[in-house]
Amino acid sequence: MEEWVEKYRPKSLNDVAGHNKTKETLIEWIESFVSGQKQKPILLAGPPGSGKTTLAYAIAKDYAYDVIELNASDKRNKDVISQVVGTAATSKSITGRRTLIVLDEVDGLSGNDDRGGVAEIIKVLKTAENPVILTANDVYKPALMTLRNNVNLINVGSVHTNSIPPVLRKIALKEGFEIDEKVIKTIASHAGGDLRAAINDLQSLATGGSLEVEDAKELPDRDSEKSIFDAMRIIMKTTHYDIATSATRDVKEELGTIEEWISENLPKEYLKYKDLANGYDYLSKSDVFLGRVFRRQYFGLWRYASALMTAGTALAKEEKYRGFTRYAPPSIFTKLSRTKGTRQKMKDILKKIALKTHTSTKRARNTLDYMVVIFESNPEVSAELVEYYELTKEEMEFLTNKTITKNIFSVIAGKKPKVEKEIPKKKKTEEVMPIIPKRPKISELPKEPLKEVIETIEKSVENADTKEKEKKDPKKQATLDSFF
């Protein structure tokens with residue numbers, strides 16, 4: 001299937017939305033070449049989807065120039081640039097027409113595959129007879145400092161959100177789709193000024209048969225996720241190691257998340273079984289290294305995991321796949337979002353079981369499996385378990401169903417009245433007045449209590465003295481009793 005971005009790319013500057021000042025500058029620049037006046041190459045700098053490449057192709061079409069392009073998915077080292085760009089910069093095309101050279105995303109030049117690329121570009125620019133247009137997302141990278149001194153820099157801003165709906169409406173009409181205006185506006189608002197992303201989103205929704213407002217609302221916010229989409233495009237389309245490994249360098253996502261993205265989109269891109277099998281083989285090896293990083297806390301393995309998931313999957317295919325591919329966020333994220341409430345309920349139940357059994361929630365899961373079997377077969381025992389673990393009616397319906405839950409709670413309800421009747425009886429028996437000893441009257445006391453007490457004390461002292469003498473008597477043989 002042909003990409004709508006390419007199919008409906010403006011053929012003329014008049015068809016390009018916005019960028020009026022930039023278009024005027026480009027027209028003056030190209031007309032200087034037409035009149036035989038050599039000009040400095042132009043570097044168009046701006047965010048992805050702002051129309052940099054489209055502007056270059058549109059002006060080439062308007063002035064009948066053939067285009068030779070090298071982009072981020074191509075190898076762009078010193079030799080390639082010298083052979084392809086160097087030759088084209090000083091000669092006419094095979095049709096006899098002059099050539100416009102487009103070097104796309106020059107800020108992506110890096111690694112061994114692009115070694116010497118920037119230096120060779122500068123060399124070619126100084127001797128170029130034909131017009132050269134370069135594009136870059138981040139023109140202020142240190143590697144491009146010398147390059148900036150050899151070009152005329154033009155900043156291309158993002159497409160205004162209000163300029164996107166007319167373009168989408170026009171494309172939808174030509175493709176025969178009737179789309180609600182709310183859907184078009186939702187797509188435009190999610191694009192974040194990236195017209196290319198908006199067109200891709202429109203094609204994704206249209207070809208997927210989901211043109212409702214709710215479907216459009218689920219589109220990723222390109223302001224935060226456009227980098228990951230660009231990375232997917234480069235990894236899936238390129239066959240060069242360094243280009244693939246550098247694709248995720250500026251992506252603000254964790255390596256595990258990038259792995260999920262690649263896993264989700266591999267079957268969408270790799271149509272040959274052999275390529276798909278090789279791609280997943282490299283991805284599985286990446287997952288092994290990623291697991292070792294987290295288990296052993298040895299982050300030196302991080303680079304191997306990254307290389308295997310990017311360059312490994314990129315080089316797994318025998319050749320590049322052409323045409324449009326609908327890349328999508330990992331479905332696991334959508335499933336996790338939808339099941340968030342369910343997982344929270346399960347988490348709460350496992351916490352209750354873990355608290356009572358003095359185990360972890362992981363082990364509590366094993367206990368829960370047996371409990372569910374009991375719930376389905378024995379209401380009486382189930383009632384005791386429910387009371388012990390303090391499970392609610394809602395939690396029981398989540399674990400079983402309404403019928404089983406109703407039976408168990410009816411057993412619990414049948415027990416409660418008996419317990420309530422016994423409690424008052426127990427309270428009555430417990431509330432008995434304490435026995436208070438009767439206080440004797442003064443007339444009943446002994447007449448001479450003091451004399452009796454003194455006699456008792458004297459007898460005790462005499463007995464104690466006698467025992468002490470027996471212990472000290474050396475003639476008397478000591479027995480065990482003497483030690484007590």
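All positions are counted from 1 along the displayed chain.
Placement of Cβ uses the backbone N, Cα and C atoms for every residue, glycine included.
As recorded in Swiss-Prot, the features of this protein are as follows:
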type	residues	note
BINDING	GLY46, PRO47, PRO48, GLY49, SER50, GLY51, LYS52, THR53	ATP binding site
COMPBIAS	463-478	compositional bias 'Basic and acidic residues'
REGION	463-484	region 'Disordered'
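Features recorded in Swiss-Prot, as mapped to the structure shown.
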| residue | record | Cβ contacts under 8 Å, 6 or more apart |
| --- | --- | --- |
| GLY46 | ATP binding site | LYS52, ASN137, ASN155, VAL156, GLY157, SER158 |
| SER50 | ATP binding site | VAL156, GLY157, SER158, VAL159, GLY193, ASP194, LEU195 |
| GLY51 | ATP binding site | VAL16, ALA17, GLY18, HIS19, VAL156, VAL159, LEU195 |
| THR53 | ATP binding site | VAL102, ASP104, THR135 |
*asked:* For the binding-site residues listed here (PRO47, PRO48, GLY49), tell me which residue's CB has the most neighbouring CB atoms inside 10 Å.
replied: GLY49
*Three-state secondary structure, which DSSP defines for GLY49 (ATP binding site)*: coil
*Compute the centroid of the Cβ atoms of GLY46, PRO47, PRO48, GLY49, SER50, GLY51, LYS52, THR53, then list the same-chain residues not in that set whose Cβ lies within 8 Å of it, in sequence order, for the ATP site.*
LEU44, THR54, THR135, ASN137, VAL156, SER158, ASP194, LEU195, ARG196
*Once the chains shown are all counted, how many other Cβ atoms turn up within 10 Å of the Cβ of LYS52 (ATP binding site)?*
25
